[in-house]
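According to Swiss-Prot, the active site, proton donor annotation covers GLU210, on the basis of similarity to another entry. Taken from Swiss-Prot, the feature Zn(2+) binding site covers HIS22, HIS24, HIS207, ASP288, and the record attributes it to similarity to another entry. The annotation substrate binding site is assigned in Swiss-Prot to HIS24, ASP26, GLY180 on the grounds of similarity to another entry. Residues or ranges marked as site 'Important for catalytic activity' in Swiss-Prot (evidence: similarity to another entry): HIS231.
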Amino acid sequence: MIENNKEITLDIIKLLPKAELHRHLDGSIRISTLLELAKEQNVELPTYDQNELAKLIHKDENCSGLVNFLEAFQYTCSVLQHAYAITRVFYEMCEDAVADGVSYLEIRFSPVLHTSFGLSLSEVMEAVCDGMAIAELNLPIKARIIVCGLRHLDPSISKDLAEITWRYRHKGAIAFDLAGPEDGFSSKHHKEAFSIIRNKGINCTLHSGEDSNWTSVADSIHHCGAHRIGHGIAIQQNEELLNHVVNRRIPIECCITSNYQIKAISNASEHPIRKYFDSGAIVSICCDNCTMSNITLSGEYKLAIDTFNFKVEEVIRLIDYSFASSFIDPPLKINIRRESFKKALKIFQTNGYDISGVIENKFYYFEEIGLDVELEIQNNLANNFSLGKNVIRNYPQITLELLENLPKSDLHCRFDGGVSIEQIWNEVQLLGIDKCEKSKQEFLKKLSSKHLACYANFKDFKEFKSLIQSSSHTPQTIRLSKEIINLLLQTPEQINRAFDDIIKVALKDKVQYLELMIRPNSHSRNGLTKEQVLALIIENKDKWEKSSSIKIGLVVFSSSTSDDPIETLDSARLAIANRNSGVIGFGIFGADPISPTESRHFSQTFSLLKENNFNLVQFAGKSDVESLISTIHCSGSTRLSGAFQSHKIPRLMSYLGNYSIPVEISLTEKLKSFTSDDLSFTTPIRHLLDGKCPVVICSFRSSLYPYSRSKMYYKIVKNAKLDFKQVVRLLKNPFAYNFQSHQQRIELVQQFNKLSKEYLNSVNINYSNIII
């Protein structure tokens, strides 16, 4: 019998599959093992009575604060100076975790704390790797290792530990952490360590906002590239930072009991986990130090459930958040998530709990782990190879008509490159350039060089179209076309007409969401200031959003070719100043990306964007991989444009996929030119898709090409041999990976689903298990 509001008991919680992401080796040793090892190694302890020793080690009663909490580590570390002891404790931690229902465990420790008796860092690492291997051979658990640097030690030590993390990446070391006191020991001091971490694409989590303020967390994210935040209590001090963590999907490792015991909060109910969860943040319930806190992960779930009134569906989501936030490889992660979800749901269902909330939130589970909750319940939550059961066997043929009628989003439409050829010709006619040779020559004098004017031979619309949309564009003709279009977009009237044309064409292409890229400096030849240009664009955006179904985001951009660092900084300030008027990001584009050596000249711009948690998209990876790495980690880009060379390093492609870093791409001459080596066995777009990179197809400068968005998609689909399911994913990506807030992205994806189903139903196309 199903009971509403039935108590979620500790026994039930123990049965649930769980992942633990924040557990310290030297803080989770059994008291009995501590005693045995001390006797074996002749280590002096204050007492050898197990009960009395437990009173010293456990901090669940009368802990006066962090200093008192840390005192116990002197005893645990003293017996962990020999390889066999380290191996044993790692194994026993896994054993204890399994007894508590934990099926995935990340154990963190600092190897440097285990070298007092002569072990090298490598010997310490071999010892934990042995413990992990033995555990996985004998226990139903997956375990991994996180190596900790220490803030208060010399940065050179952290550098060595970062290097050892990289060297043991294939033996189970999956991430680097920075632990230790925050105040007075900024993570910025350890830049050499994080340079290694970033350049090698190593996962990264930092203890931040535990015993310090929100700036420590901001430093961890913006300067160190943290993929997760350990503790993060201080995030609540800054709403803008919290929104950034939510929107960037940066998980927070929440250690409720530990935070209470060190007096970071006065009681468990003051922990911000519920606030974070309700704000849309990804939170993971963790133990920190099981022995010192005298807790289990099941107990921490029980504490959170009872204190913050988490319901069945929320508990299942908390469980999934932890598995989703793990640093394990993506193919294994997604399958662990699916099986853990099914197991948890079945436990609640068979024990009489109301699971209607899970069905109500089926959108989350379908989009996140690809499971149709209702279908899984119908199939009795089969655990073995159930994914794909009842899925369409015969996908519909992908036709141009199908693509024309499905909803789309475009995340990179250039204002001076997205105007239709008809509207551009209209501006030519309004200036009389088509009728008067003198007017034409006066117009062409405004081009940047006389050499370019030599190519501008057109007498009528047909010749003009052949010039602007040449089937054999060269760098010269592309440059000429861009300059001609730009010269025709200099007055308020021209800007207004161009905006109207761009939106009308987008609506015709069934575009529901558009990110319009605008470089205000490009439209100031006739005396308009960049502020006036942007004000015109914002006014037009507001007008169209009120009068039509389209939603528009504005991205101010700078040219790495034409703008110097001072002009780029000025444009970034303009973008941020208008963030409440629809400007949602900043971009840097050009003929060539900013190289790693040049990026320091733009450091003020990058720092400003980071300080304001402002989205950045940047052109990178044209002909080198280095610019991709510096663009992600030094510039702080949340989206990449181009990324033509990412396929050369499979680990980099995996990184883009694992951290959902979207790649803007289109059928441009640049794509063909800089990915020619990739075409021998696949297409560049298919290569990125198969690597699980969130590819977003964009129109860029559609004025230069004679096909609509739908025709561009059709070419891509045919060249890459995509099936219906892959096409749906490709179309959905820009709805899910744009610069809007997390909640708005959810709403956009739901809009895509709704409109897609309406059309597919009208033509009797089955979309089971593809769209929900």
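Backbone N, Cα and C atoms are what each Cβ position is placed from, and that goes for glycine too.
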Looking at substrate and its recorded binding residues HIS24, ASP26, GLY180, figure out the farthest C-alpha pair and report it in angstrom, whole number.
14
Which recorded positions are spatial neighbours of HIS231 (site 'Important for catalytic activity') here, meaning Cα within 10 Å, out of HIS22, GLY180, GLU210, ASP288?
HIS22, GLU210, ASP288
For the recorded Zn(2+) site, whose residues are HIS22, HIS24, HIS207, ASP288, find every other residue on that chain with a C-beta no more than 8 angstroms from the centre of their C-beta atoms, and list them by sequence position.
ARG23, GLY27, ARG108, ALA179, GLY230, HIS231, GLU253, CYS255, SER258, CYS286, ASN289
Determine, using Cα-Cα distances only, which of these recorded positions is closest to GLY180 (substrate binding site): HIS24, HIS207, GLU210, ASP288.
HIS207
So, in DSSP terms, is GLU210 (active site, proton donor) helix, strand, or coil?
coil
Cα-Cα separation of HIS22 (Zn(2+) binding site) and GLU210 (active site, proton donor), in Å?
13
Within 8 Å of the Cβ centroid of the substrate site residues HIS24, ASP26, GLY180, which other residues of the same chain have their Cβ?
LEU25, GLY27, PHE73, ARG108, PHE109, SER110, LEU113, CYS148, ALA179, ASN289
Between GLU210 (active site, proton donor) and HIS24 (Zn(2+) binding site): CA-CA distance (Å):
15
Write down the Cα-Cα distance for ASP288 (Zn(2+) binding site) and the residue listed as 'active site, proton donor', rounded and given in Å.
12
List, in sequence order, the same-chain residues at least six positions removed whose CB sits under 8 Å from that of HIS207 (Zn(2+) binding site)?
ASP177, LEU178, ALA179, GLY180, GLU182, GLY230, HIS231
In angstrom units, rounded to an integer, how far apart are the Cα atoms of ASP26 (substrate binding site) and ASP288 (Zn(2+) binding site)?
10
Most crowded position, judged by CB atoms within 10 A, among ASP26, ASP288 as binding-site residues:
ASP288
Helix, strand or coil for HIS24 (Zn(2+) binding site)? Use DSSP.
strand
